[in-house]
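Visitor: Just dropping this structure here.
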Amino acid sequence: MLRIAEEVTTALEEGRAVVALESTLISHGLPYPHNLAVAEGLEAEVRAAGAVPATIGLIEGVPVIGLNGNELERLAVGGDRVRKLSRRDIGAAIVDHADGATTVAATMALAAAAGIEVFATGGIGGVHRGATHSWDVSADLTELGRTPVLVVCAGAKAILDLPATLEYLETQGVPVVGYQTVEFPAFYTPHSGLTVAAVAADALAAARMWRIQRRYHTFAAPGGMLLCVPPPERHALEREAVEAAIGRALARAEAEGVRGPAVTPFLLAAMAEETSGESIETNIALLRNNTRVAAEVAVRISELG
């Protein structure tokens, strides 16, 4: 059922480093042609660090591990025709022969099915603010608890309830590791006031943590690991400014009655307006940084064997 690119298959068979990349950024994150340029740039970051990129998505109902250039462009220009797929949506998309962009949860599931251990993304989903009333909790969190993939990110998206998200990850038994930081990043800013469970000083330390977790998965964490990389300092936003912008964005969402899956894209778009586009620049910068770190960690994992 999976179609795995020949380059990816060869790398996996030879024990070389492969990094999975999601595709929702392409179809739902940025306008064309910026989305395509960023996607191609992320793949270039992986290659520059010595690993093989595997951007994941569905093309005409077929899960593809390693989209080619034409397929990347197909998702980039597809607009509303391209479905946003979490794990629960994959089956229906296959039946309907639909094109689909994969979220963190879906990308993790497909990466694991293909034998890929490392995945780079911007920020994971989490517990939404007001979840005590809405019960809006991202499937990314439960996926991390059950699927053995090391996810490299800049924490959870800042629009979320970060303390509750960390509590949920603890409940799921997911190690939250800071990359050269003791503080859980808040996506746009390195500062959240929240601490991580462990710290990796470099890519080799992160790789060793992951190898030990997988070796002893019967009594250590059986699922994924979150490696949290602060956004690059020169692109990071001030914590106070971020919180103020989020407050205004949340008020707009409430006033307009935005609910369900529409909440996150609405809030991210509102954040871009509230910050005069700075949040988009930060998002792209942290994506590139996370991807580079993920590739370096993947190379170290392959060297450990």
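Just so it is clear, glycine is given a Cβ too, placed from its N, Cα and C backbone atoms.
What Swiss-Prot records for GLU22 is active site, proton donor, and it gives sequence analysis as the kind of evidence. According to Swiss-Prot, the active site, nucleophile annotation covers LYS157. Annotation comment: Swiss-Prot describes LYS84, VAL104, SER138, ALA139, ASP140 as substrate binding site, evidence class sequence analysis. The Mn(2+) binding site annotation in Swiss-Prot covers ASP136.
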Visitor: Spatially, which candidate from the recorded positions GLU22, LYS84, LYS157 is nearest to the residue listed as 'Mn(2+) binding site', comparing Cα atoms?
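Guide: Checking each of GLU22, LYS84, LYS157 against the residue listed as 'Mn(2+) binding site', the shortest Cα distance is to LYS157.
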Visitor: Rounded to the nearest angstrom, how far is the Cα of the residue listed as 'active site, nucleophile' from the Cα of SER138 (substrate binding site)?
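Guide: Checking the Cα atoms of SER138 (substrate binding site) and the residue listed as 'active site, nucleophile' gives a distance of 11 Å.
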Visitor: Go through LYS84, LYS157, our recorded positions, and report the one whose Cβ sees the most other Cβ atoms within 10 Å.
Guide: LYS157
Visitor: Specify all same-chain residues, apart from the site residues LYS84, VAL104, SER138, ALA139, ASP140, whose Cβ lies within 8 angstroms of the center of the Cβ atoms of the substrate site, ordered by sequence.
Guide: SER86, THR103, ALA105, ALA106, ILE124, GLY125, GLU143
Visitor: For the substrate site as recorded (LYS84, VAL104, SER138, ALA139, ASP140), determine the largest distance between any two Cα atoms, in Å, rounded to the nearest integer.
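Guide: Farthest Cα pair among residues binding substrate: 14 Å.
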Visitor: Distance check, please: Cα of ALA139 (substrate binding site) against Cα of the residue listed as 'active site, nucleophile', rounded to an integer number of angstrom.
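Guide: That comes out at 14 Å between the alpha carbons.
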Visitor: Among the recorded positions GLU22, ASP136, ASP140, which residue has its Cβ surrounded by the fewest other Cβ atoms within 10 Å?
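Guide: Output over recorded positions GLU22, ASP136, ASP140: least Cβ neighbours within 10 Å is ASP136.
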Visitor: Across all protein chains in the structure, which of the binding-site residues VAL104, ALA139 has the highest Cβ count within 10 Å?
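Guide: For the binding-site residues VAL104, ALA139, the Cβ with the most other Cβ atoms within 10 Å is VAL104.
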